[in-house]
Each structure stands twice: as C-alpha cells, then as structure tokens.
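What follows is a set of notes on a single structure, which appears directly below.
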Amino acid sequence: MANKQSTSFRDLINGDTPVLIDFFATWCGPCHAYSPILKQLKSEEGEALRLVKIDVDANQAICEKLGVTAMPTTMIFQNGDMKFRAAGVQSIGVLKAELDKLR
C-alpha cells in the first residue's frame, strides 16, 4: 500500500491502473473492520489495483478538497477521474463490480 505523502495526489490518480483510496481514521471502528476486506481485494487483484490508505487526521487538506466527511470513504480513480465513491464499509463484491467496469 502506498503512502499518499510520498507523491502528489494528482500523480497518484493519473494512471491507467485503478487506484482505490481508503480514507480512514485510526480511531474509527468501521475503518478497522474494513481493512481486512481491502487487503483481500488487493491480494486478489494484485498489480491490477493500486491501494492507498489516507489517514484523514494527517491529511485534512485533501479530505476537505474532496469533501470527505465520513469514514471510511472509498474512492476509485482511473486516468485522473473519480469512477466510484462511497461512504461506509463496502463489500468485496461491490468493489470488484466497480473495478470490473473499468476493465
């Protein structure tokens, strides 16, 4: 999993490979429950998916810019465009269906 601080956000989302961003907080119970789902998804998708976790408390500016107000919030970007956005824990089936739309 990449750390958002290692590159600019624009560079991060501008590739052909889908980028799933998990906006989370360390104090958020549902975020902790979501983590194994995301790990399983990344394991199954391999290099076909880039998974990035962004701590909302440590990255408030990008959260404000994107209107993130609930945790967890999931966004999927491809070629610089947001293709999916949802608040709350998402099932692996929902996430895979969204990724399948991008292939």
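In case you wondered, yes, glycine gets a Cβ from its N, Cα and C as well.
The cysteine that TrEMBL pairs with C31 in a disulfide, picked from C28, C63, is C28.
Of all the recorded sites given, namely G29, P30, the one with the smallest number of surrounding CB atoms inside 10 A is G29. Within the same chain, residues at least six positions away from C28 (active site, nucleophile) with a Cβ under 8 Å of its Cβ are M71, P72.
Cβ neighbours of D22 (site 'Deprotonates C-terminal active site Cys') (same chain, under 8 Å, six or more residues apart in sequence): C31, Y34, L38, L51, V52, K53, I54, P72, T73, T74.
There are 21 other Cβ atoms within 10 Å of the Cβ belonging to C31 (disulfide bond).
In the three-state DSSP assignment, the secondary structure recorded for C28 (active site, nucleophile) is coil.
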